[in-house]
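S.K.: I have a structure I would like to understand better, so I am pasting it below and will then ask my questions one at a time.
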């Protein structure tokens with residue numbers, strides 16, 4: 001456990017500059033989105049009321065009140081989310097291949113540590129998980145701050161206050177990161193981590209067998225992912241309605257745990273038997 005925590009700390013410190021940059025970019029960009037949307041809305045209102053002589057009530061009924069819904073659909077709000085997702089996906093690969101870079105490859109020192117080689121695997125998985133949940137937590141806090149900022153910028157008689165749950169229901173993108181139920185959270189993030197486990201196993205196949213390993217890893221991952229999706233495929237595509245919706249979800253969770261277990265076992269085998277110093 002001590003070695004595991006040391007490796008997690010090492011891995012997280014390695015990505016801290018990227019992580020802080022993503023957080024800073026998100027904060028600045030999304031605050032800009034609040035200012036832009038609030039200013040645009042007020043300008044539209046003033047133009048309609050004072051230049052076009054449209055009654056304020058008519059403008060509000062046709063356009064609607066200003067709310068965070070306008071903000072979360074602004075490009076300045078969405079762009080840092082897209083960049084963060086792309087950066088985390090890229091780093092998920094980089095966190096492995098960086099070990100083999102350079103003349104004095106660091107992976108050999110890691111593999112010679114007096115601890116289980118799977119500790120390396122779990123530390124990298126944990127680092128990515130910390131990055132993901134950390135960014136989601138920052139986003140939740142930011143939404144609260146942005147909602148308060150909007151209250152300062154826009155008068156209450158032309159503003160509609162939305163809760164985080166309402167925002168999640170109205171915005172498709174936010175609903176992916178902030179599922180409306182615990183079950184949806186398990187499904188979305190569970191599927192994401194299954195793909196992460198399979199990706200890491202594929203990387204270890206490639207590191208073990210090089211070019212041939214890429215095909216082996218991709219084939220292995222596709223088969224396991226199809227096993228995970230088999231209840232949905234059978235129900236929605238093939239038309240075998242032999243399970244109720246709740247039973248499909250339970251089956252998916254069981255298969256998801258099984259797929260992660262098989263992927264972890266294969267990664268353990270490759271790290272200990274095929275990836276050599």
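Here the Cβ of each residue, glycine as well, is placed from N, Cα and C on the backbone.
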S.K.: For the annotation transmembrane segment in TrEMBL, which listed range does it cover: 75-98, 147-170?
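M.R.: Range annotated as transmembrane segment by TrEMBL: 75-98.
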S.K.: Tell me if the transmembrane segment (119-145) touches the transmembrane segment (16-36). I count contact as 3 or more CB pairs below 8 A, with pairs 6 or more residues apart.
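M.R.: Output yes: the transmembrane segment (16-36) sits against the transmembrane segment (119-145).
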S.K.: Which sequence-distant residues neighbour the transmembrane segment (182-201)? Criterion: at least 6 residues beyond either end, Cβ under 8 Å.
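M.R.: Same-chain contacts beyond the ends: 92-93, 96, 121, 124-125, 128-129, 132, 176, 217, 220-221, 224-225, 228, 249, 252-253, 256, 259-260, 263-264, 266-267, 270.
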S.K.: Go through the chain and flag residues at least 6 beyond the ends of the transmembrane segment (119-145) whose CB is under 8 A from any CB in it; none is fine as an answer.
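M.R.: Hits for the transmembrane segment (119-145): 3-4, 7-8, 10-12, 15, 19, 22-23, 26-27, 30, 68, 81, 84, 88, 91-92, 95-96, 110-111, 113, 164, 167, 177-178, 189, 192-193, 196-197, 200, 264, 267-268, 271.
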S.K.: Taking a Cβ cut-off under 8 Å, which residues six or more beyond the ends of the transmembrane segment (75-98) line up next to it in the same chain?
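M.R.: Contacts with the transmembrane segment (75-98): 11, 14-15, 18, 22, 25-26, 29-30, 32-33, 36, 106, 124, 127-128, 131-132, 135, 139, 173, 177, 196, 199-200, 203, 207.
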S.K.: How about long-range neighbours of the transmembrane segment (213-233): same chain, 6 or more residues beyond its ends, C-beta under 8 Å?
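M.R.: Long-range Cβ neighbours of the transmembrane segment (213-233): 191, 194-195, 198-199, 201-207, 243, 248, 251-252, 255-256, 258-259, 262-263, 266.
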